[in-house]
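According to TrEMBL, the protein has these features:
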type: DOMAIN; residues: B:19-208; note: domain 'MacB-like periplasmic core'
type: TRANSMEM; residues: B:289-313; note: transmembrane segment
type: DOMAIN; residues: B:292-410; note: domain 'ABC3 transporter permease C-terminal'
type: TRANSMEM; residues: B:333-359; note: transmembrane segment
type: TRANSMEM; residues: B:385-407; note: transmembrane segment
Amino acid sequence: MMMETDAITIQNLAFQWRKDAAPVLNLPVLQIKRGERVFIMGSSGSGKSTLLSLIGGVLLPQKGTVTVLGQQLNGLSNAQRDSFRAEHIGFIFQMFNLIPYLSVVENVLLPCRFSRRRKQNIENRGHSLQDEAERLLNHLDLPRELLHRSVTELSVGQQQRVAAARALIGSPELVIADEPTSALDADRRASFLKLLLNECAEQNTTLVFVSHDSALEPQFDRSVQLADINNSVN
Amino acid sequence: MHILMLAFKSIVNRKFTIALTVFSIALSIMLLLGVERIRNDARESFASTISGTDLIIGARSGPVQLLLYSVFRIGNPTNNVSWKSYEEIKDHRLVAWTIPFSLGDSHQGFRVLGTNLDYFNHYQYGDQQPLEFSQGKPFSTVYHAVVGADVAKELGYSLEQEIVLAHGTGKVSFVQHADKPFRIVGILRKTGTPVDRTVHVSLEGIEAIHVGWKDGALDLKQPKTVDKTSLLDLQPKTITAVLVGLKSRLAVFRVQRYINEYPKEPLLAALPGVALQELWDTMAIAQQALLAISILVVLVGISGMATAILTSLNERRREMAVLRSVGARPWHIFVLFMGEAGAVMTIASVTGVAALYLAQLIARPIIQTQLGLFLPIHPPSSHELFLLAAAIGTGLLVGLIPAYRAYRYSLADGMTIRL
Ligand SMILES: Nc1ncnc2c1ncn2[C@@H]1O[C@H](COP(=O)(O)OP(=O)(O)OP(=O)(O)O)[C@@H](O)[C@H]1O
Ligand SMILES: [Mg+2]
């Protein structure tokens, strides 16, 4: 059933945080194609973040398989999963995405410290790391004069753009966003989402975007209600 | 290593808080090394006060007391050695040379030592170094004096200057014999030993100071002009101590037993090396207490560092989550925090050692004049390097605690950003 064109394939997955607790997730199947931009909706506490950690290989399911970009994560060692994540996946979180003691550009280039492949991707296109970081930030509408500021001086909206640039740097195949807009007001939310979607389209990146805000749904290729696919009894 | 680069940037970012930790550890390391350095150097300086002498002989008391008053010129003897005994010791067939000491007087707070020319020929200090004159020559008559380097420097004395020597050892003498002036004929080169703080005159000179004195009071009936004193029979009846050099070191215990069993008066012969060690050992507890305290201070500094890192851990949990999301492994997080402990210890050690040398540079002249201890400035000894390494090692070991906690956190939290 798994196809080469899939970015993510989840089969018969069951995950529980503790042995004695009920499973948070029980997913018979979830498929996301390469290049797809998918919106996953679910109420608070429904297990959205847990699902994303499973896709990122930080957590392993007790049952079933998670396959990302053709690689079954269950079969990898902890170290291999950490480096797989660095090489292929970019993350954006709700807030506090940035390392306070690094500059804007250093934050954007952080994945290149852990992934040779993403660094290589930039160099293969004939760009320097610095140029690529600046290009991405420029695409995401971050004013140039902020580039060498301390990240603690940025507004929340600006911080989220820097986080988006970091997720996208070095062209990972998959970007996972965990409610990246929930700290933004309506205007900023719309513009941030537009910039993110544009950039993903340009690089043909698969985007998994999680939120409880159904207003964002129309802008995606497809949307999934977590409650609809999750058989667990939450 | 990228993660150490991150550790470095994180430290630079929090430089003010970390500087405080570094400062306290640096101070504690300076204290530890300083105490150790003073211990070792004082011991060396101490041990080199006298050398080449096989036996010190005085009236029967303890070896430490004998050493204190004869070599260190601290305190006073309880009893004397008769001139006759001295002559017998001098003529003993195993004895190569002797130096008679007559102590008990002072000049402006400096001790006056009555001796003879053998002092300049046989007295040795440090690594068997003989005494040398920076100016002038040994005394040759009753009213000649040879002063140590510190005496000349502190009192501003030069050759040919006339000085007055008083009876007694107080800094201010009640009665000074202004009528018996001594002339400085020699100034000794600096030795870093009590010799520097001594005024040397002949044994006859000491007698001359005391002419006209009886039982500590001025005897008005006696004539006491300079000329007449020179003419009197100034052969001393007693002396304070005798330094002895033997023809063969192998005979040292034999001669010692001979002196200790000397029938005509109770005498004591002490081996300088043994007495020095004994004197040093009496100070051992104080030294060890000092060392123990300074080790504790280092431990306090290190636990301060651990506390500071542990406190920062909670607010840095989101940073750890972000690092995990970009592919950092839990042990990267471990290294990040170990790197911090390592950097703190390294910077603190370098600062502490630098501060030690600075302090030594400032304190050295003061210690030398006040305590008579010569503390040379030298590169860290292997023992000091060992202490430093032990301190850094302890710091790293203690640093394992927050680093391991961070590791556990990052395993448990994964990419979850906890607030
Ligand atoms: N580290 C953890 N240990 C134990 N239980 C956890 C842990 N993290 C999450 N859970 C539990 O798993 C469930 C799902 O949590 P999760 O964070 O995935 O929800 P969510 O859908 O992301 O919610 P939100 O929209 O509020 O972020 C919750 O009941 C939560 O209490
Ligand atoms: Mg969540």
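Glycine is treated like the rest: Cβ placed from N, Cα and C.
Small disclaimer: the values here were computed from a predicted structure and weren't measured.
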Check: If you run through the domain 'ABC3 transporter permease C-terminal' (B:292-410) with DSSP, how many residues end up as helix, strand and coil?
Finding: 104 helix, 0 strand, 15 coil
Margin query: Can you work out which residues elsewhere in the same chain, 6+ from the ends of the transmembrane segment (B:385-407), have a Cβ less than 8 Å from its Cβ atoms?
Written below: 25, 29, 32-33, 36, 298-299, 302-303, 305-306, 309-310, 313, 316, 320, 330-331, 333-338, 340-342, 344-346, 348-349, 353
Next item on the list: Could you tell me the mean pLDDT over the domain 'ABC3 transporter permease C-terminal' (B:292-410), as a whole number?
Entry: 89
